[in-house]
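K.L.:
The structure is given below, and queries will be raised subsequently.
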Amino acid sequence: MQTFFLSQKFKAALLDNSTACPANATICNGASCVLPEDDFNRTLSTVLSTVLTIMLAIVMFSMGCNVEIKKFLAHLKRPWGIFVGFLCQFGIMPLTAFLLSLAFNVLPVQAVVVIIMGCCPGGTASNVIAYWVDGDMDLSISMTTCSTLLAMGMMPLCLFVYTKMWTDSSAIVLPYDTIGISLVALVVPASFGIYFNHRWPSKAKIILKVGSIVGAILIVVIAVVGGVLYQGSWVISPKLWIIGTIFPAVGYSLGFLLARFTGLSWHRCRTVSLETGMQNSQLCSTIVQLSFSPEQLELMFAFPLIYSIFQLLFAFTFLAGYRVYRRHRVKTKTDMEKTEEKDDSKSISSHAKTNGGFVSNETK
């Protein structure tokens, strides 16, 4: 593994601030620190990973209950929406990560972790949020599935293209087994849900409502669990905080704009936007832990969690804004319909008076 270059001046500056970290930190140079993994964290991680995996399977099963086989196959036969999502996922996001790293002039190891995040496939949380914003669930699940599958080849390619100025891409370890497990955990429950919706559509609606609520709870639980398991100082480079804030917002915005520019409908634009901005941050954390030494991890180990927090904050803000808009729109539309009905009744009454009280069958 290639060792990243750090100037002696920068090391000295970090050592001067080492007192900011807890006394039991294994790595601490002032910019960040890593606490030793204790038995509590290890046990908690095992238990919660098992529980979260089961909950995730239930959620994906319920999301599948909102997918129609014909529409899902139509997306696969005419994959224009999937292709637009592909351009966003492996075109916009890695390029945005590269440009942000250059613009903020971060350290090489920090630039690499930002680009790794940009190269990751979409996360399953996007499916839940897509449901709540009335997105195209057929497109959402097909996009998440395809991006996870294509990540097997696109992640090495994007990392080779965008990280060569900072490091050798062969130094980055891609956990193909983790990607495969994520794909199975997504495809299998969702497939059962699609079949269940095909056979018992009325019961599928009930499961969908329950699963959407469980999914929203699961998203919050994962965020809290990440904060518990990644104990340690949050005193990391301010530049990474800024990038972690800007990056998901740029992903959501550019994904929506590209989808609209290519002629997709509004509900599909919302879907593509969420699939673009919501990355698989758990996969990014795994890659980072496998690829870098503890000395390098201290400079950027919390970035995946920072990105995850802000992508959820923006997603919930987007959801709240859409719900307010939808409520106002539905109310306005109802008022307009009532006004039109009154106008129609007045015109009918006036027409009846001018025609001796006769009203045709077409106007009744």
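Just so you know, glycine gets a Cβ as well, placed from its N, Cα and C.
Given the structure is predicted, the values throughout are model-derived calculations rather than measurements.
Found this in TrEMBL, in case it helps:
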type	residues	note
COMPBIAS	333-346	compositional bias 'Basic and acidic residues'
COMPBIAS	351-364	compositional bias 'Polar residues'
REGION	333-364	region 'Disordered'
TRANSMEM	44-62	transmembrane segment
TRANSMEM	82-104	transmembrane segment
TRANSMEM	111-133	transmembrane segment
TRANSMEM	139-162	transmembrane segment
TRANSMEM	174-194	transmembrane segment
TRANSMEM	206-228	transmembrane segment
TRANSMEM	240-259	transmembrane segment
TRANSMEM	299-322	transmembrane segment
K.L.:
How about long-range neighbours of the transmembrane segment (174-194): same chain, 6 or more residues beyond its ends, C-beta under 8 Å?
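P.N.:
Distal contacts: 53, 56-69, 72, 121, 124, 141, 144-145, 148-149, 151-152, 155-156, 204, 207, 280, 283, 286-287, 290.
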K.L.:
Which one, 82-104, 139-162, 299-322, has the most C-beta pairs under 8 Å toward the transmembrane segment (111-133)?
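P.N.:
The stretch I would name here is 139-162.
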K.L.:
Which sequence-distant residues neighbour the transmembrane segment (82-104)? Criterion: at least 6 residues beyond either end, Cβ under 8 Å.
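P.N.:
Here the qualifying positions are 75-76, 110-111, 114-115, 117-119, 121-122, 139, 142-143, 146-147, 150, 154, 158, 161-162, 239, 242-243, 246-247, 250-251, 254-255, 258-259, 262, 264, 272, 275-276, 279.
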